[in-house]
Amino acid sequence: MNPEAGLIGMKWAKFKARVDHIIHSHKKKNQHNPEIVFQKRDILVVRHAQSGNNVDWQALVQHPKLTEKGKAQAKAMGKLLKKNKVKFDLVVTSGSTRAEQTAVIIMQELEQTVPMVVERNFRERNVGVNIDKLGEKAREVQEKFSQWKHSLSDDVRWDAVPNNVKGLDLSNFETERQTAERFQKALRKLQEEHPGKSILVISHAYTMTAGLAALSQAIPDSQGSVFQHVSNTGYFTVRSKHIVGENTSFQIVHSNTKGTQVFEKGK
């Protein structure tokens with residue numbers, strides 16, 4: 001064996017080990033401080049932070065508010081966006097209290113004041129227990145979040161009698177396909193009405209799951225379901241590929257369905 005070749009091999013192995021160590025250390029360092037892929041004209045879709053209903057499913061209420069942990073999650077999301085120098089031109093929520101609260105906290109952390117509007121097609125999927133069916137009127141939203149400019153009329157978007165949260169009402173049950181279709185419809189509407197804008201959308205778990213599956217062209221299982229759980233403040237970045245009205249197509253360029261990590265004291 002050539003001694004010189006053996007020496008080169010040893011040096012290469014040592015060099016490779018060093019590079020691997022640096023890469024591993026970098027990944028570990030950024031495990032809880034990920035970078036967000038986002039550029040001008042992108043849409044960042046974020047799930048609302050933890051609400052009371054996420055903690056206690058046995059005591060569902062209409063319009064659940066964020067828990068203290070949820071507020072901390074939203075603040076962490078805002079700090080993450082600020083660290084990545086993300087700027088928005090518009091904020092869009094589903095109209096639910098937990099989505100509105102999440103949006104306000106994030107934007108306060110970002111120290112950005114932009115218009116905030118409601119797009120109901122980003123609401124949670126109706127799976128028989130739909131706590132958002134009644135919803136809140138525009139004037140109620142404006143009173144709660146008066147510091148934000150809402151482009152809302154005094155409508156009756158959710159004036160229907162709410163489902164009984166103690167039972168199942170399958171009359172308006174939505175399939176994943178139906179949910180994904182309205183999610184994509186909402187994205188196209190944003191492109192048409194706010195071209196060239198960088199947008200933050202606050203939505204919900206099942207709706208985001210359906211949207212993520214559709215835009216990622218995921219393959220359904222034997223029951224026709226594609227499920228990738230989106231945790232509170234989980235997010236993904238949507239970018240338009242072709243903007244041609246109803247034929248506008250989108251792609252997922254980045255996703256982190258785990259959301260911001262917030263640990264309680266003593267845990």
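Cβ coordinates come from backbone N, Cα and C, glycine included.
Any TrEMBL annotation is an automated prediction that lacks curation.
Annotation comment: TrEMBL describes Arg47, His48, Ala49, Gln50, Ser51, Gly52, Asn53, Asn54, Arg98, Lys133 as substrate binding site. Residues annotated as active site, tele-phosphohistidine intermediate in TrEMBL: His48. Taken from TrEMBL, the feature active site, proton donor/acceptor applies to Glu124.
Sequence features, as recorded in TrEMBL, placed on the structure.
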residue: Arg47; record: substrate binding site; Cβ neighbours (10 Å): 30
residue: His48; record: active site, tele-phosphohistidine intermediate; Cβ neighbours (10 Å): 29
residue: Ala49; record: substrate binding site; Cβ neighbours (10 Å): 30
residue: Ser51; record: substrate binding site; Cβ neighbours (10 Å): 23
residue: Asn53; record: substrate binding site; Cβ neighbours (10 Å): 19
residue: Arg98; record: substrate binding site; Cβ neighbours (10 Å): 30
residue: Glu124; record: active site, proton donor/acceptor; Cβ neighbours (10 Å): 24
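Glu124 (active site, proton donor/acceptor) sits 11 Å from His48 (active site, tele-phosphohistidine intermediate), taking the Cα positions as reference. In this structure the C-alpha atoms belonging to the residue listed as 'active site, tele-phosphohistidine intermediate' and Arg98 (substrate binding site) are separated by 6 Å.
Arg47 (substrate binding site) falls within a strand when secondary structure is assigned with DSSP.
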